[in-house]
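One structure is given below, encoded as structure tokens.
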Amino acid sequence: MFVFAANWRRRRVRRLHASVRWRRQLCRRPAALPSLSMSTSNGWWRGFETLRRQVPSSVTVLLVAAATGACTGAVVALFKTSMGATSDFLYGDAFSGRLSPLLGPLNLVVVPTVGGLAVSALRWRFGQFQGGIDQGLAAIEKREPLDVGKPVVKTAAAVATLGTGCSLGPEGPAVEIGASVGRSLPEALERWLALRLPVDRLKLLFACGAAAGVAAGFNAPFAGVFFALEVVPWGERGFGTLASSTEAASILLACSMSALLVRAGLGEVPALALPLYDLRSPLIELPLYLALGVLAGGASVGFKWMLQQGQRVFAGGPLSRVPLRMRPVVGGVVNGVVALAFPQVLFFGYDVLNALLADAQFSVPLLASLLLLKPLMTSFSLGSGLVGGTFAPALFVGANLGALYCKLVEGLGTWLISFVFKTLGSAPAAWITDTLPIAGPPAYAMIGMAAVLAGTFRAPLTASLLLFELTRDYRIILPLMAAAGISSWLVEASSSESTAGAAPSREERPSLLYLGLRPESEFRHVALSLRVRDALCATPPLMVDGDCSAVQVIEQMREARHRYALVLSSGSVALEGIITLHDLLRERNARGALREQSVIHLCTTPVLYVHEDDTLATALDLLRQRGFRQLPVLRVRSAEVAQDRVIGVVDLDSIARSVALSELQREKAPLATTDE
């Protein structure tokens, strides 16, 4: 009996111990034996890490650029569809049709007012709209994350503005959509896949997005490529430069993918229905086109001036007391009131452009009125806070200018033929009519479009390629490039002393792109307030006597580690010239060896220089226009100093450093005042 009881207790203890061991193993099992899902996940991540290390960074950038273009094309297609649906609803029977019996002609005022109310409501609910080319690049420099909600809200405001017919264009928002996509995708990769790209690659993808926006907006991929080169200052080398094939391939890939997605979603329909171009008399018409380019340059300057005045009206002007959130309503009401007399100012103006390009019979007074009213309404709409771009209005102004110019030329020609007929008879008049024909208003409208667009945004290549892509006619290239080049050059020359400060600072202002200004003009604004003496290079220049031999100068360059030397007059401090290593190498290659001759005969003369009291903007212009690396700085002669003397040199790096320090000091001053 006792033996049985003892055996039973031993068996129970064994079972209890086995149960405890099993439970302990069960508790340890998740740590000792990972689950199948965890094993698979860890293996996938290790494989991704291995693949990421093996794939070159250029391939990653190309893939992200392609994704940026595809996403931009899809979003821009959705944006255009939303604008069309909004316009069809508000101007259709469902809305305007029911209000028309009650309001009559005033119905035309209601719809733009509704758009202004919608923009005001979005501003009241979500705060100020942000974004733009210049702000985006500054945020990338600081690696600030993108608030995805801000571009979405701004796009919704653009749909409300443009769908209700306010006088702005859709291409500016399309550019910002692409730029936002170009910022958000790399940030998503960094957040999800720990793929951190350098700042220069982020700027490149930002430019890819902006270019894809232009390609999708106009269905013109080549114009998008040149837009990234001419307008978006994403590279360290400035405008219009590419450093590697990766950059070129990225922009090309983004633009092609964007245009492909838009064509797949909306069809292969160009933004404008342009006619076939006809150059009838090259010897006569080319001077006419050059004159049109001059007029387009003046119109571009006037258009940009109006855009800046539109900001002043609401910032310190007559309407500055209007609350910020109610200004879009004022803009919508004014658009509607003006449309009662001139309905052509509503929307982007594409209907009027197509009518002009189809040789519709617009009278000279109507064309002159629209030439003034369209930029006026665009500037007022932009200043009031309505959301849209200025690409389409610039095309509208150019087409009106070209058509009006052609009609005036035709009128002058008719008067000349009539005068010849009355004085010399019918034979000379018939000869003039047969041998000196000119193209009709549509041809001059097309050239005017490109010329004003080139002048407004200082992008002649973008404007030329855009019109070429829309017409697909090579014959338009020669007069188009001539007019666009002259217009852009005139605007550049006339604005050499202007700055972005022309647009007054306020709580919110549109992107400099909308004002036809580049972010570099902000830099120039600061450079105008600084003197050359504030930006001297830290390393003093190498100065040699003019009687020194070339061999002696080379030895001094080697010791001082300089690429150039300033040559002074023998026995004085007067600057005679500058000699570089390139000059010495050229002399050696030409003569086989450097002879014992003085460098005064080898140096470059005369030398461009600046005085210490000149502005940094003056030095910046000389460096950029002449392609110099540095400029000597002279101290102005005085009672103590008999002649100018060299006190240092200035270059692009020293100017950039001085401007950056000045901006930091300006930002620090308000903080110090607040702390006190």
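Residue numbers in this text run from 1 along the chain shown.
Just so it is clear, glycine is given a Cβ too, placed from its N, Cα and C backbone atoms.
Here's what TrEMBL has on this protein:
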TRANSMEM  59-79  transmembrane segment
TRANSMEM  99-122  transmembrane segment
TRANSMEM  204-229  transmembrane segment
TRANSMEM  286-307  transmembrane segment
TRANSMEM  327-348  transmembrane segment
TRANSMEM  385-405  transmembrane segment
TRANSMEM  412-432  transmembrane segment
TRANSMEM  444-467  transmembrane segment
DOMAIN    537-596  domain 'CBS'
DOMAIN    603-667  domain 'CBS'
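Against the transmembrane segment (286-307), stretch 444-467 shows more Cβ pairs under 8 Å than any other of 59-79, 385-405, 444-467. Counting residue by residue with DSSP, the domain 'CBS' (537-596) contains 22 helix, 15 strand, 23 coil.
In the predicted model, the domain 'CBS' (537-596) has a mean pLDDT of 78.
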